[in-house]
Amino acid sequence: MLSYRHSYHAGNHADVIKHLVQVCILNYLKRKEKPFCYHDTHAGAGLYSLQSEQAQKTAEYQTGIGKVWNYTGDNAEIKAYVDAVRRLNQGEDLAFYPGSPKIADLLCRATDSIQATELHPGDYPILASQFQRRKHCRIEKMDAWAGIRAMLPPLAKRGLVLIDPPYELKTEYQDLIKGLQQAIQRFPQGTYAIWYPVIERKAVESFIDAIVDTQIRNQLRIEYCPLPDAEGFGMTGSGMLVINPPYTLKQDMENCLKELSPLLSQSPAAHWQVTQLVDE
Ligand SMILES: C[S@@+](CC[C@H](N)C(=O)[O-])C[C@H]1O[C@@H](n2cnc3c(N)ncnc32)[C@H](O)[C@@H]1O
């Protein structure tokens, strides 16, 4: 089943948190000259028009990037994220939003490599068309977990794997845990950033517990909920579980969320956490 289209949700509060974490990790990897690999398991279309029928229908970006776009503070990570979005938009109008592979394309150096898999027959060609001129890249219309088996470990023995499934099916949570274990067996030194939605609190905690139970070391949880937990109200927040995070990520994201929470909050009961779940 491939009914999910990210064009309805591009630039929402969950994308802001996910892509900010992605920017923090990529910028950390760039501190060393040695090239790294960015691997995106569920890449989406890469670039989204916020004027499209889909984006206008939900208007989710207005409570996400729309609130952060005019950021004037000093936080270097938030500035780097907003700067990446601004590079796709001429002038002051927010018209386009980059997906995760596009953010990687904007931030990675020519020597770094980009690998991405996407299955949707509509989104894959849009994605692939943006990478035709890039060297050191492999963009495949392939299942995410087959892609992990085919492409990990990368030639560069350092990098980030972003895992961002649509969770249309309940089985995707189990598939992720199995795929993650296979990925870590192949590429244990990689950093892994796993996105998850907050829809039902009990289900979220069971999913997190199941990842903790894998015995994988060094797990950092970053979560932001602009709305209080409530069942039956859709997605009230989202999180990133990061395995082998840069040592700077915890402090960086605490600083970011202190500044972003007042901008993104939709309720006095908005809440966030940055928690080391499993030690190194
Ligand atoms: C949440 S979206 C990705 C958004 C993207 N990572 C971003 O941040 O811009 C999930 C994507 O996964 C794709 N997808 C679903 N199942 C997949 C699978 N088994 N393998 C690869 N891609 C899949 C969907 O078509 C959808 O485009």
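Each residue, glycine too, has its Cβ placed from N, Cα and C.
Those TrEMBL annotations? Automatic predictions, nothing curated.
Note that the structure is a prediction, hence the values are computed from the model and not measured.
Listed in TrEMBL:
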SITE      Y4  site 'Interaction with substrate rRNA'
BINDING   H19, H42, S100, E118, D143, A144, D164  S-adenosyl-L-methionine binding site
ACT_SITE  D164  active site, proton acceptor
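Shown here: features listed in TrEMBL, placed on the structure.
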residue : record                                 : contacts (Cβ under 8 Å, 6+ apart)
Y4      : site 'Interaction with substrate rRNA' : H120, P166, E168
H19     : S-adenosyl-L-methionine binding site   : Y81, A84, P98, S100, I103
H42     : S-adenosyl-L-methionine binding site   : T117, E118, A144, I163, D164, P165, P166
D143    : S-adenosyl-L-methionine binding site   : T117, L119
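Residues H19, H42, S100, E118, D143, A144, D164, recorded as binding S-adenosyl-L-methionine, reach a greatest CA to CA spacing of 22 Å. Summarising the environment of E118 (S-adenosyl-L-methionine binding site), the number of other Cβ atoms within 10 Å of its Cβ, over all protein chains shown, is 30. DSSP gives E118 (S-adenosyl-L-methionine binding site) a coil state; it is part of no helix or strand.
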